[in-house]
Amino acid sequence: MKIIEGSKYAPGKKFAIVISRFNDFIGSSLLAGAIDELKRTGGVSDDDITVVYVPGAVELPLAAKRIAAKKQYDAIIALGVVIRGGTPHFDLVAGESNKGLAQVSLEYDIPVAFGVLTTESIEQAIERAGTKMGNKGGEAALGALEMVNVLDKI
């Protein structure tokens with residue numbers, strides 16, 4: 001039996017981080033977590049990390065698609081914060097963002113790590129951006145690091 005696994009060490013690989021500006025007071029912590037994991041765990045240099053800001057989570061898939069089409073990056077990390085309000089807007093934004101990012105990954109054969117928080121409250125978002133529940137931005141970066149190496153081995 002052959003087992004294929006990827007390490008989380010990927011010096012020389014190039015990563016694009018696409019981040020939504022909406023709810024930036026939380027998103028900035030996700031970004032810091034992602035960059036920290038890429039550099040500390042992945043051995044990725046600053047020169048191999050590009051950060052692209054977009055207005056909101058709905059714009060993440062289009063920016064990711066444009067980045068993927070350029071074929072200059074080994075993985076994309078999508079970050080954002082969508083907090084449920086009193087309208088169905090949350091479900092539309094969260095669902096379309098997730099679906100669009102998955103489509104980019106499959107269409108362009110590139111890992112697109114989903115680090116978009118979809119929470120019921122601001123408190124839950126804060127907990128997942130570096131406090132009680134860890135940093136989901138950092139976790140998305142770890143997933144991107146591992147997938148880059150897994151795909152290299154397949």
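Keep in mind that glycine also has a Cβ here, set from the backbone N, Cα and C atoms.
The annotation active site, proton donor is assigned in Swiss-Prot to His89 on the grounds of sequence analysis. Within 10 Å of the C-beta of His89 (active site, proton donor) there are 11 other C-beta atoms, taking all protein chains into account.
Secondary structure at Ile83 (5-amino-6-(D-ribitylamino)uracil binding site), as computed by DSSP, is strand. The annotation 5-amino-6-(D-ribitylamino)uracil binding site is assigned in Swiss-Prot to Phe22, Ala57, Val58, Glu59, Val81, Val82, Ile83, Phe114 on the grounds of sequence analysis.
The number of other CB atoms found within 10 A of the CB of Gly86 ((2S)-2-hydroxy-3-oxobutyl phosphate binding site), across every protein chain shown, is 6. Taken from Swiss-Prot, the feature (2S)-2-hydroxy-3-oxobutyl phosphate binding site covers Gly86, Thr87, Arg128.
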### Query
How long is the line from the C-alpha of Arg128 ((2S)-2-hydroxy-3-oxobutyl phosphate binding site) to the C-alpha of Ala57 (5-amino-6-(D-ribitylamino)uracil binding site), rounded to the nearest angstrom?
17
#### Entry: Recorded (2S)-2-hydroxy-3-oxobutyl phosphate site residues Gly86, Thr87, Arg128, farthest C-alpha pair in Å
23
#### Entry: Which same-chain residues, if any, lie at least 6 apart from Glu59 (5-amino-6-(D-ribitylamino)uracil binding site) yet have Cβ under 8 Å of it
Ser20
#### Entry: Site extent for 5-amino-6-(D-ribitylamino)uracil (largest Cα pair distance over Phe22, Ala57, Val58, Glu59, Val81, Val82, Ile83, Phe114, Å)
16
### Query
Which three-state DSSP class does Phe114 (5-amino-6-(D-ribitylamino)uracil binding site) fall into?
strand
